[in-house]
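Notes for the one structure printed next.
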Amino acid sequence: GFFQSYAVEVDVKDASNATCLYAKWMMRFLIKYETNSSDYKNASLNLSSNVTHNGSVCGNDTQAALLAVQFGEGHSWSINFTKSNETYQGDFITFTYNTNDTAVFPDAKRKGPITIVVRDTMRPVQLNNVFVCHNADFFEAENVTQIFWNVTVQAFVQNGTISKKESRCRADAPTSAPTVPPTIANVTTASTTTLSPSPTTGPRPVENPETGNYSLKSGNKTCLLATVGLQLNVSQDKPLLININPKTTSTDGTCGNTTATLKLNDGNSTLIGF
């Protein structure tokens, strides 16, 4: 099940009290941590009703904008935005969780704040456009999965007015159905929406999946290559086999110094993360 998670709304003002950075979103965190008995547990960290945004910065042509929030017992999250002549985009996400929070980490072996930094994979957004993503997206690094949904954000707001022009994320494409944030149990597996099959005279064999070529770039260089045919075998009352069609599957993800994440979205509410 899900713990209560609250929506966050941050409206950052400049010196003239005009909005310069606006965001509203929901997020939660799945954290794997070591216990005093040297085994590992999964914890779910959710936003509380009391969230502050100390340290948020408007940004300008030479300084990055910063959206920063603090919540719970010493936890914090931030993202910085930079802009070019025509676009803006998120660069890095910084998340700090405090294992002294015994309500979330009752038996953590390592005590104190732990910080991770993840490169954001947000595509550039046209200036004076608001970025919107209702479907769930996630970032994985260093035993932490960050999950976001119902996101609305605009950096470098012009004239203090939130734009009515939207730039949608890939997951919100018309062929995608709305998703819910994954739980600890399914975050590394596919989250699928299944329709009841039409009656048939007998079980129809599922053909082998078509091989797809998937790749990620870091700057101008390819940092990850995958050539693979994917078939999901979903355990339920009647086993369900799903072939991933590379022709309708979009690729996203990120490459880091020690980790890489490949995310595939087949446009049918199936999201697979490697």
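Note: Cβ is positioned from N, Cα and C throughout, glycine not excepted.
Summarising the annotation, TrEMBL assigns compositional bias 'Low complexity' to 188-203.
Under the heading disulfide bond, TrEMBL lists CYS133-CYS169. For CYS169 (disulfide bond), the same-chain residues that are 6 or more apart in sequence and have a Cβ closer than 8 Å to its Cβ are ARG123, PHE131, VAL132, CYS133, ASN135, ASP137, VAL151.
Among the features that TrEMBL reports, domain 'Lysosome-associated membrane glycoprotein 2-like luminal' is placed at 12-156 (among others).
Marked as domain 'Lysosome-associated membrane glycoprotein 2-like luminal' by TrEMBL: 209-271 (among others).
Residues annotated as region 'Disordered' in TrEMBL: 168-215.
Just so you know, the Cβ of CYS133 (disulfide bond) picks up 20 other Cβ atoms within 10 Å once every protein chain is counted. DSSP places the residues of the domain 'Lysosome-associated membrane glycoprotein 2-like luminal' (12-156) in helix, strand and coil in these numbers: 0 helix, 88 strand, 57 coil.
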